[in-house]
């Protein structure tokens, strides 16, 4: 046995005991080790030492988990640096190239480890593609566009000069994000490494709120709290994973149970899978909080520090969301922001027009062009980024359908419960909200089922388990609200309904 075998042996033993791949055990070990290492990083004040510390540990983590495959991450970083030093790349072409580079790893893993849940170099490349594309877009904006041509968010993230090689590599290979994320924008990373974030925020806060006391740096306790929540989700995943395995969705005896039982069983099976992702993403986020790199300003009312710069998800909000729109906004937030900033917002076109309201007053309204195309391409890229199993595409097509149905409901049905000036029509608005809180988690369950089973045939079987109820509840909503006669009828009914509500309120007054 050589030294590598001795190092790997404990992780192989743990792998057998926990029935999980040794690569997953190694990544978890590195993520836990990142907590005390992040405390050390926070104590280092010299920027150059900080950069070297973060970079060296990142490379060590990579080599420890992925061995020789590390070259597939390190080499592209070096090549990209010198290409950008020579000339800014067209970000649209680069984006396509980066996605094809990632596809190579997706296909490789599909062939070599079919239907196996593992954390190979592909997972790190997924994170790197997010960082590559965001950096190239922001650098291109800084080098080729005027400030007036950029949106407000683009101005905040713009990169006007290429950083030194050390800074560049440390950004892509920092130890507490290299394996499974989360992702930073380069300007946020640079502000942290050069000790600008907190000091600048303090000065600005004192100018605006001289009477409010600024809180203390509580990043350590915040990180430990996140670690505690992550551990709780891990425990729940292990417990429910033993009691409710995915195989129950294919069990003939379970298929014979009544519809409501099957819906509830599907919910338990899928929610325990979400616990696994909550655990992993919160575990990674907590170490970043511990380092202080997630500082996101000072609370205007209390003076407390905010540590949610790279917040990835809000589990409680997801499980109790009243709509798919709200749930999707707090699930894997960093990737959602990346998709919005560098795909959706770059495709969609907005323009302002003036319209007259019922009182004859002129109002400005923002019209969005190519919204459907932007939404579709965003979902396609998201699916490709996640992988090449048919289940991923099944999920994102279904998510697209459910999103369209949700938009149709908001535009055509919600006005039955809320007036134009925002007043709730009670008690019906409460019923509408309760229905949203009940059905949204159930919709999320069914949308995520193909992600669990991977293949097309198994996806069909798990949908059969629930009698395809998601499709026959969402597709009719989309179809009906696209038929002009139905839209006119709904509008007429809505106007009459609101008039009745207004008259009833006047009588009560």
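Backbone N, Cα and C define each Cβ position, glycine as well.
Predicted, not measured: the structure shown is a model, and the values here were computed from it.
Checking the ranges 343-359, 394-410 against TrEMBL, the transmembrane segment annotation falls on 394-410. Of the given residue ranges 321-337, 372-388, TrEMBL assigns the label transmembrane segment to 372-388.
Matching 17-35, 93-111 against TrEMBL, the residues noted as transmembrane segment span 93-111. Within the same chain, residues 27, 30-31, 34, 37-38, 51-52, 54-55, 57-62, 65, 73-74, 77-78, 81, 119, 123-124, 127-128, 130-132, 134-135, 138, 156-159, 162, 193, 280-281, 284-285, 287-288, 291, 293, 309-310, 312, 334-335, 338 sit at least 6 positions outside the transmembrane segment (168-187) and bring their C-beta atoms closer than 8 Å to a C-beta of that stretch. Here the transmembrane segment (431-456) has Cβ contacts under 8 Å with residues 115, 246, 249, 263, 266-267, 269-271, 273-274, 318-324, 326-327, 386, 389-392, 394-395, 398-399, 402, 414, 417, 462-463, 466, 469-470 of the same chain, all six or more residues outside its ends. Remote same-chain partners of the transmembrane segment (93-111), defined as residues 6 or more beyond its termini with a Cβ less than 8 Å from a stretch Cβ, comprise 72, 76, 118, 120-122, 125-126, 129, 132-133, 136-137, 342, 381, 384-385, 387-389.
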